[in-house]
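Data first, discussion second: the structure below is written as C-alpha cells.
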Amino acid sequence: MGVEVPPEESNRCVRGCCRSAAIPLHLPPSSFSLLSPIAKGSESTVYEARLGGERVAAKKPVLSTSDDLDKFHYQLQLLWWVLPIELDHPGLARLVAAHARPPNYLMFFDFFEPPNLADKIHVEEWNPSVQQVVTIATDLAKALQYLNILGIVHRDIKPANILIDKDFHPHLADFGLAMYQKDIKHVSVENWRSSGKPTGGFHKKNMVGTLIYMAPEILRKDIHTEKSDVYSFAISINELLTGVVPYTDLRAEAQAHTVLEMTYTEQQLTAAIVSQGLRPALALPESGAPPSLLSLIQRCWDSDPQQRPSFKDITEELKIIEKHIAVNSCSLASPANKSQNGNTEVHHYQEALSWLNQGELFAKGNKLDSTVDHWSDIFDQSSKYCPTLSWGSFATCGRRETMEDTHFMLPHMSEEKDLHAFGIFDGHRGSAAAEFSVRAVPGFLKQFNSNTSPTDALTEAFVRTDIAFREELILHQKSKRITQKNWHPGCTAVTALIVRNKLFVANAGDCRAILNRAGEPFPMTRDHVASCPKERERIVKEGTEVKWQIDTWRVGAAALQVTRSIGDDDLKPAVTAQPEVIETILSPDDEFLVMASDGLWDVMSNEDVLSIIKDTVKEPGMCSKRLATEAAARGSKDNITVIVVFLRPVSTAERIY
C-alpha cells in the first residue's frame, strides 16, 4: 500500500486499546486524501480515497457521542483481528489501514468499483445465471463460515453490504454492526430481568439490522446468533435469484420502498414474518434454479433457528449443487455474459452521476441576460426594523438507510447584507432530484434582479429547475449513463427568501415552514397532498388518477402522497412544480423561522416545535439538532432535515424556562 507500518509497541490508537503489527493505525495527513463520497448512511460516509498513492475506500464514522467512539474502537479491534493482511480472506472486504486518532477517525479498505450487489440487481437490472448465483452464494457462505469459526456474527447481511469485483466474486463489507457472539450474550445477561427477557434498553441497542432481512427471532427481540445470519443470507440469495426486492414484486428499489409502505406498516410486516411465517416469494423452478437450491433457501429461512443449517453445512451443500449444474451454464468469466449484463469496464448507473454537479452546472450555464440590481434596493429602506439573523441546520437519515434530503443556507446571498435564502429538498424514489435542486434553485435565485419580484423569482426557479432536471434525466437515459428503466425520481421543496424585512416562502409538497410570531406558530406553508380536496380535484382535472390506497389518497401508479414536486416526470403535468408562495412583513414579534422536511412534521405539531426550541439553548444549530433527534426518538420513519433561523439577537446563555 506504500504506507509504512510502525513497530507494534508504538502503532496503537489514541486510547491504547487497539494495536497491530499488520496495518498502520495512525497516519500522517500527507499520506491520504478523501475524494468523492461513494455512500452515505446514518452512521458513516464512505469516500473514494487515496492512501500512499493507491485507490482505497475510506469509511468516516459519525461520532456524536462517547458510545459512537467506543463502537469505533470495538469495530477496529474486531476488524484487525479478523481482516489483518496475514489472515486475509477472499470473501471479506480487507481492512488495509486506519487512523484512530482525533480529529479524523477513519478506516481504509480495498476499493471495489460500484455498484454493490443491491444496485447491480435493482439499478442495472442484472440477471445472473444460476451458475453465477450459486458461485456467489458459495463464496459468501465460506466467508460467513470463516466469521462463525472466529465467533463473529455480522448482523446486517444484505445485498447492499456485498461488494462485487470485476470477476463477479462477492466480498462482504460493512462490519458496523458485527459483534463477537460472546459479547452479545454478555450484554444480554447483564440486561435480563427475572422474566428471562432482555430489557427495553437492550432491545434498542441490539435489535439491529434491516427489517426485511431480519430473522423472526430478532423481531421477537431475541439475540443474534449464527442462525440469524443464515436467515439473512437466505433472503439475500433469493433476492439475487428473483431480482425483486423482498416482499414486493418490483425490481426498482426506490419504487419497492413505496410499495412496502403501502402494503404493510412496520408493525404489520413484523407480525406477518413472526406469527404468520411470511417470506418473500421463492424463486420459481422456471428460473432454472435446481430444487435442491430452492429447498436450501427454504430451510435457511425456517422459523425455528435450530432447523436452519450452519454455514458449514450450507457450504457443503452448495458445492454439491455446483457440481450438478449443467456444464453449459454461463460461467463467471464468459465474455458474452459480461456483454449481456453490462460491460464490466463501464460502471455508470444513476447514483454514480453527481446530480449536485449537474444542478450547479446547469444553473451556471443558463444565466439570465440582465443587469444586476438587487431586491433589497427596491424595498422601503426607511423601515426602522430589519431582522438580525443567526442560522443553523441539522440533517439525519433517521430510520432510513439512505439520505435523500438535501438543504442549503445562503445568508447574505450575492454579498447583500439584507438578502438571505434557505431551502430544503426532500427526495423520493432516489436522491437525484433533491441533489440537483439544492444547487440549481439557489443558482437561479442569484441571477434574478429587481425587474422580477421575489415571488416570481421563486416560482420561476422551481419551474426551471423541474424542467432542467427532467431534461437532464432523459439525456442521461438516452446516453446510457443511466441504465435503470422506469426510474422517475422527484423531490418536494421549500425555500425561504428574506429581503430586508420581508419573508417569502415557496413550497411544493409537504415540507413546512413556520414562524414563531409573538409566541404563536404562524404557518408559512400549506401541505400539497392528495388528501387535500382542492389538490385532489386539480390532479383529477389533469387526467391523472387519485385513489385511496391503504391509509390515504395517492396519485397515479407511483402512489405518491404529494401533489406538487420537482421531477416525477411520469406524473407530469398533474404533479406540478409550481410552488405556492406566501409572503409576510417581519417585525420584532417574529422570533425565529423553522423549516423542515416531513420527517419532522410527521411526529410533531407546530406547537411542539415552538415548545422544544423554547426549552433549548438559543443556538440555531443546537435547536435544529434537538428537533431532529426528538423526532427520531418519537418514531419518525423518514429522513429528517431542520433549519432554524433566529430573526433577532439571542444569547446562547438565555435562560431556559
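Quick reminder: no glycine exception, Cβ is built from N, Cα and C everywhere.
According to Swiss-Prot, the feature active site, proton acceptor maps to Asp156. Under DSSP, Asp156 (active site, proton acceptor) is assigned to coil, being neither helix nor strand in the three-state scheme.
The feature ATP binding site is assigned by Swiss-Prot to Ile38, Ala39, Lys40, Gly41, Ser42, Glu43, Ser44, Thr45, Val46, Lys59, with sequence analysis given as support. Taking all protein chains in view, 19 other C-beta atoms sit within 10 angstroms of the C-beta of Ile38 (ATP binding site).
The feature Mn(2+) 2 binding site is assigned by Swiss-Prot to Asp426, Asp598, Asp638. According to DSSP, Asp426 (Mn(2+) 2 binding site) sits within a strand segment.
Look at Swiss-Prot and you will find Asp426, Gly427 tagged as Mn(2+) 1 binding site, backed by similarity to another entry. In this view, Asp426 (Mn(2+) 2 binding site) is surrounded by 29 other Cβ atoms within 10 Å of its Cβ, with every protein chain counted.
Annotation comment: Swiss-Prot describes 32-327 as domain 'Protein kinase'.
Here Swiss-Prot flags 390-647 as domain 'PPM-type phosphatase'.
Around Asp156 (active site, proton acceptor), taking its Cβ as the centre, 22 other Cβ atoms fall within 10 Å, counting all chains.
Here Ser44 (ATP binding site) comes close to Lys59, Lys60, Pro61, Val62, Gly176: these same-chain residues lie at least six apart in sequence, with C-beta atoms under 8 angstroms from its C-beta. Here the Cβ of Asp598 (Mn(2+) 2 binding site) has 24 other Cβ atoms within 10 Å, regardless of which shown protein chain they belong to.
Note: the CA-CA distance between Ile38 (ATP binding site) and Asp638 (Mn(2+) 2 binding site) rounds to 21 Å. Put simply, Gly427 (Mn(2+) 1 binding site) is 25 Å from Asp156 (active site, proton acceptor) when counted between their Cα atoms.
The Cβ of Val46 (ATP binding site) lies under 8 Å from the Cβ of Pro37, Ile38, Ala39, Lys40, Ala57, Ala58, Lys59, Lys60, each of which sits 6+ residues away along the same chain.
Largest Cα to Cα distance within the recorded ATP binders Ile38, Ala39, Lys40, Gly41, Ser42, Glu43, Ser44, Thr45, Val46, Lys59: about 14 Å as a whole number. The ATP site is defined by Ile38, Ala39, Lys40, Gly41, Ser42, Glu43, Ser44, Thr45, Val46, Lys59, and by the 8 Å test on Cβ atoms against their centroid, the other residues of the chain that qualify are Pro37, Lys60.
Ser42 (ATP binding site) falls outside any helix or strand according to DSSP and counts as coil.
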